[in-house]
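As annotated by Swiss-Prot, region 'Disordered' applies to 20-50, 65-88, 333-363, 491-523, 671-762. Taken from Swiss-Prot, the feature compositional bias 'Polar residues' covers 66-80. Marked as motif 'Q motif' by Swiss-Prot: 86-114. Per Swiss-Prot, the feature domain 'Helicase ATP-binding' maps to 117-289. If you look up Swiss-Prot, you'll see ALA130, ARG131, THR132, GLY133, SER134, GLY135, LYS136, THR137 marked as ATP binding site, on the strength of sequence analysis. Under the heading motif 'DEAD box', Swiss-Prot lists 237-240. Under the heading domain 'Helicase C-terminal', Swiss-Prot lists 334-511, citing sequence analysis as support. The compositional bias 'Basic and acidic residues' annotation in Swiss-Prot covers 349-362, 692-754. For 511-523, the entry in Swiss-Prot reads compositional bias 'Acidic residues'. Under the heading compositional bias 'Gly residues', Swiss-Prot lists 675-684.
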Amino acid sequence: MKRRAASPAMSENEVDIAGSLFANHADSDDEVQVHKQQPADLDFGDLLDNGDGSDDGGDAAFIAKQQRSSNRKTGSLQSKSAKKSGGFQAMGLNSNLLRAISRKGFSVPTPIQRKTIPLVLERRDVVGMARTGSGKTAAFVIPMIERLKAHSARVGARAIIMSPSRELALQTLKVVKELGKGTDLKTVLLVGGDSLEEQFGLMAANPDIIIATPGRFLHLKVEMSLNLSSVRYVVFDEADRLFEMGFAAQLTEILHALPPSRQTLLFSATLPSSLVEFARAGLQEPSLIRLDAETKVSPDLESAFFSVKGGEKEGALLHILHDVIKMPLGVPEGIEEETDEQQARKRKRDSERRNRKEKPTEHSTIIFTATKHHVEYIAHLLRHAGFSVSYIYGSLDQTARKIQVDNFRRGRTNILVVTDVAARGIDIPVLANVINYDFPPQPKIFVHRVGRTARAGQRGWAYALLQGTSRPCGGRVRRMRTQRWRMQTRMNQPLRKTKWTSSPEKTNPPGDDEEAWEDEESESELEVTVTSSGKSYQGANILPRPRNLHVLHTIAPPAPAEERGVRAFNSGGTTQFVEAARDAAMDLANDDGAKAFGLPTRSKLRWDKRHSKYVARANDDDGSRGAKMIRGESGVKIAASFQSGRFDKWRRANRLGRLPGVGEAEKANLVRNFSGGGPGGAGAGHYKHRQEKAPKDADKFRDDYHVRKKRVAEAREKRIGKYKDGEGSRRELKSATDIRKARQVQEQKREKNARPAKRAKR
């Protein structure tokens, strides 16, 4: 009988028993080894018979050896799958939260999530620097849900999220609802503009998570005398905007009422010096998390610096857009302009279905200016030139700001004109060009600006217009260059022989080692300095290279792979945080009323009629203008209107006695009556019908007379509607006001009918 060929593959725990079945196994051993690989030093017969070839001589040793091999392989497979899955499974989150993350569409954590979530799960205070769109909302919502897990029957909120605006609070509420599916956590939304009475009911329903703006939350805290000793998790979202909008006093008062054992998270796009002091006072040994991509210029960035006169900036800007970037005029292709009539008639769902383009065009350009007046001027100039432009600045209305940014995100416009304050926190995923119309005064601001392009391995261009006053600032950036080009405009070529040259002392400080071509520059030339950190960018041609072009080329060492990726700086401890925050701190000048870019804004004054002098508007909130103020628990002055007694009136109107305190068990009837009544309750977006009306009086000429009569009798017995105060229409005895109103109604009916009274028959 001819022997069957061996199987080409062996299972993991397979043992060759061919030697025991065939007598001529020794003769054909070499033939078998050609087809398959034999396990080394393993004989099935010796293992079963406890032969001499076994070291430990037993089945237990063989089984243990195979189990160890299986465990090693399973462990390696799990580590590979965890690494491949992106890290959410490796963070120790519960299965319910992982399913919610998958439903949300998160597969791989963003850099800020990957660095922040493990620290938050370790109960450490964190200061995170991240722009809008980087996933920072999920970075603090995911560990919050993991920590709270389920609704607590004990009274007291356990998490507070502070947002600077109503829109951001609604966005955070949406994320909390989506990631909190499958849990019974209660979330409330407390923002200005909503009814205080409804918010009283929401707070009385014992919520677990509070999402609020500082002004309204402080109002409710003072009005309801809230005890915040149960809070364990506090988040200040967009903290730089919180301070910019004037919530410093409210935040100080809220921070004083929180327990010292809380965990505090602070997220901000930038880190001004005032925010650093707040973090030092309110956080315990915080860790600073900031992305490496926001602290250095991308190696894929190409930079060009144009030295122009003050009157040529507008022309240079149009030249860059027309001839360098090749910006198309009008509305981008594929986008149809809608009339006001169509915009009023269309539905939101139809608009989203009609235009599914969620990213800017390949010509998308952002232009940075100094003040909001420059923003309006440049936007009007570019629109007059035929470009499609969006613009935003700090004091722009929130709704208009959202519309302008949305138009640029969806590709309806190619240009976005902004200031540094307005652009803070805005994240555009794909941005081709950045133009510095007004050069920034600090290198950090320059890196923050140009860091919006050349992301994810894509090429990007950064252009800067330099004047005589801003030329020294541009010299710091030009020291990083690897190529420098100098060329002249055609209109100024005839004046080359008669031009005057500036002395080195005027343009460069003593001891500054600059080349001779910088000493020969004049204001009548258009100088272009191109900085390239990588290969030449083929997609943009600045100008044809002239013959007399002076090129200084320096080969820069390639950046390591770990530096090209996104890293994060983690600093623990107060001393380390102060040192790291000193490097990351960046104060942006106000874009409204600044005398010059980079200079602090002068205090706005108003005329005080009582004292006949000018006083600062900054002191209007401390009671100097006549408004009644009270001292809070922290010592800061807050408005006396926060203690208006509306909560006591609401409690008496709803016939509520003493509400349970922090740590006591919640009342089921109280929770059932007031939960889900507002936009942030359990039934967010739905309102419960609570109005009670008594049935109409029975009509003896109708067929359902007896049914109606029975219902009216039940309403009188239960005192529903108009029978609430007893028998009769409203009360058993009518007041003089009721009688007067009834006579007025009767007189109006008589005048309306205008019929003469019937004469008695004689």
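The count begins at 1 with the first shown residue.
Here the Cβ of each residue, glycine as well, is placed from N, Cα and C on the backbone.
All features noted in Swiss-Prot, drawn onto the structure.
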residue : record           : Cβ contacts under 8 Å, 6 or more apart
GLY135  : ATP binding site : PRO109, THR110, ILE112, GLN113
LYS136  : ATP binding site : ILE112, GLN113, THR116, GLY128, ALA130, ASP237, PHE267
THR137  : ATP binding site : GLN171, THR172, VAL175, ASP237
I'd like the Cβ neighbour count for ALA130 (ATP binding site), meaning other Cβ atoms within 10 Å of its Cβ, all protein chains included. 25
Neighbour count (Cβ, 10 Å) for SER134 (ATP binding site): 21
Mean pLDDT for the motif 'DEAD box' (237-240), rounded to an integer? 84
Collapsed DSSP category at GLY135 (ATP binding site): coil
